[in-house]
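Could you have a look at this structure, given as structure tokens, before my questions?
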Amino acid sequence: MMRAVWEALAALAAVACLVGAVRGGPGLSMFAGQAAQPDPCSDENGHPRRCIPDFVNAAFGKDVRVSSTCGRPPARYCVVSERGEERLRSCHLCNSSDPKKAHPPAFLTDLNNPHNLTCWQSENYLQFPHNVTLTLSLGKKFEVTYVSLQFCSPRPESMAIYKSMDYGRTWVPFQFYSTQCRKMYNRPHRAPITKQNEQEAVCTDSHTDMRPLSGGLIAFSTLDGRPSAHDFDNSPVLQDWVTATDIRVAFSRLHTFGDENEDDSELARDSYYYAVSDLQVGGRCKCNGHAARCVRDRDDSLVCDCRHNTAGPECDRCKPFHYDRPWQRATAREANECVACNCNLHARRCRFNMELYKLSGRKSGGVCLNCRHNTAGRHCHYCKEGFYRDMGKPITHRKACKACDCHPVGAAGKTCNQTTGQCPCKDGVTGITCNRCAKGYQQSRSPIAPCIKIPVAPPTTAASSVEEPEDCDSYCKASKGKLKMNMKKYCRKDYAVQIHILKADKAGDWWKFTVNIISVYKQGTSRIRRGDQSLWIRSRDIACKCPKIKPLKKYLLLGNAEDSPDQSGIVADKSSLVIQWRDTWARRLRKFQQREKKGKCKKA
């Protein structure tokens, strides 16, 4: 009998080794350590390959929580044996306080010696509807190959095996054993297993015979008869089916000889109990093909020693910064290692984008976050605005991007050419940073037109007119302080308007300002309307800050009537009065209007 038991367990271990071989990992061999590669997770060329932890009895040495144990208080129990047709009973005492007479749960998972069996034992005659449960926590997720129990008593008439995948919070059935499946568990007897239900528990009457009275075995193989077992790598259903963090065995109904209700039923009932010498859970630490062993972490929790740039207790996610493709379980063909994002050494964080991954032909989906060293882009592969590439350094260099340093006055913007570093210069300005006037231009005092053409002096004759001044100081006197506005100045000009400068454009020898005329306080023969209008000022006047004017500012403009280049705008020149607007002036200008109507401008 004992020989048959050990032959059955040996067969299960052989199945486990075969499954390990199919998955590409080591089996149970006394020479495995000698034949193994130096790094089981990489091949001889250093390329990643699938690796799995050794096959173990995950129950060995672990605590088992049981709902019933004999010996508290001490109680009699009887062992039944048969001699021919004669049934014999030898009675003993179970006493939890006496180590020689105790049958604690620790005997379930200790070293199983067939020559010196140690048995856990329940209280006597806990018959249906009462049950007895054994609950084993594996400490982490395992991929379970089999669950086996060797009995010191007759095997149960009805028994169920459950598993938990969330550390005992919820339970799902793994397997049922009963001679009355429908009555006990509301399950059909030996229902066929198909691809549609291969993740469901079945009920069978195998292993439920009362005999042998001692030494019987119940062994459940998780993949036996499952249609997708031969293609386990590509079956997420079965991968989920064999995964467990906890195992629970529920003994539901005792096998009896039917004598428990006879006159001497007390002796008979003391002969019916559950006793188990060995509980085994054969399997491997679940690491999804990305680790060759499990280790204890700082919290003494069992975790996978992850490789292939993976992380997590089961190597079930990519470690930080390795999100260039989605996490996948390793297979015999592909290690499916996690790949680092390509950020050219300029970022420490990245994220995965499925749309980009699909567009790349499922090659790359990483997006870099918070690019440093003045870089930008999905891969931190170009320079951000205001910087350009230093082609003398590789893109991975921390100084691969140089500041444009565009001149605040000479440049038309802060962004330069990404390759050459050339800033966009205003008219008449040159240099890579727009920091000097071009040939034929001279510096002015205007931030709008910092460089103006050098005037060409006309030929001198006796009848020639006075020459144009050579510099701004002799041409006009720019305002250096606050300008004052009074009735006399108001009366001397043809128009007085409040304007808002919107934008400025160069037009030949003129600057054309688009302005919004907010209020009209005086106008000459040409009618001035409120709204958007063109204001024309000669380039020389702007260059010499006569008048001094800036975009996006509001001004009070007093000028003389003059035909504009477009015949519809107004003209200002070096003689015009341009003062930055103050709201307090509106009332004073209305008074000037009233005085003008009364003819006081003629006196002024």
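Note that Cβ sites are derived from N, Cα and C of the backbone, with glycine treated the same way.
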Using the record from Swiss-Prot, pick out the residue from C401, C406 that is joined to C423 by a disulfide.
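Out of the candidates C401, C406, the one Swiss-Prot links to C423 is C406.
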For C601 (disulfide bond), what is the tally of other C-beta atoms lying within 10 angstroms of its C-beta?
16
Count the other Cβ atoms sitting within 10 Å of the Cβ of C434 (disulfide bond), across every protein chain shown.
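So the Cβ neighbour count for C434 (disulfide bond) comes to 26.
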At the level of the C-alpha atoms, what whole-angstrom distance separates C451 (disulfide bond) and C425 (disulfide bond)?
11
Which numbers of helix, strand and coil residues does DSSP report for the domain 'Laminin EGF-like 1' (285-340)?
0 helix, 12 strand, 44 coil
For C451 (disulfide bond), what is the secondary structure state per DSSP, taken as helix, strand or coil?
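Looking at the DSSP assignment, C451 (disulfide bond) belongs to a strand.
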Spatially, which candidate from the disulfide-bonded residues C119, C343, C601 is nearest to C287 (disulfide bond), comparing Cα atoms?
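So, of the listed disulfide-bonded residues, the one sitting closest to C287 (disulfide bond) is C343.
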Where, among 47-284, 285-340, 341-403, 404-453, do we find the most CB pairs under 8 A to the domain 'NTR' (472-601)?
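Stretch with maximum Cβ contacts: 404-453.
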Whole-number answer please: how many Å between the C-alpha atoms of C416 (disulfide bond) and C401 (disulfide bond)?
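Cα-Cα, rounded: 12 Å.
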Taking the Cα atoms as reference points, how far is C306 (disulfide bond) from C294 (disulfide bond) in Å?
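Here the two Cα atoms are 9 Å apart.
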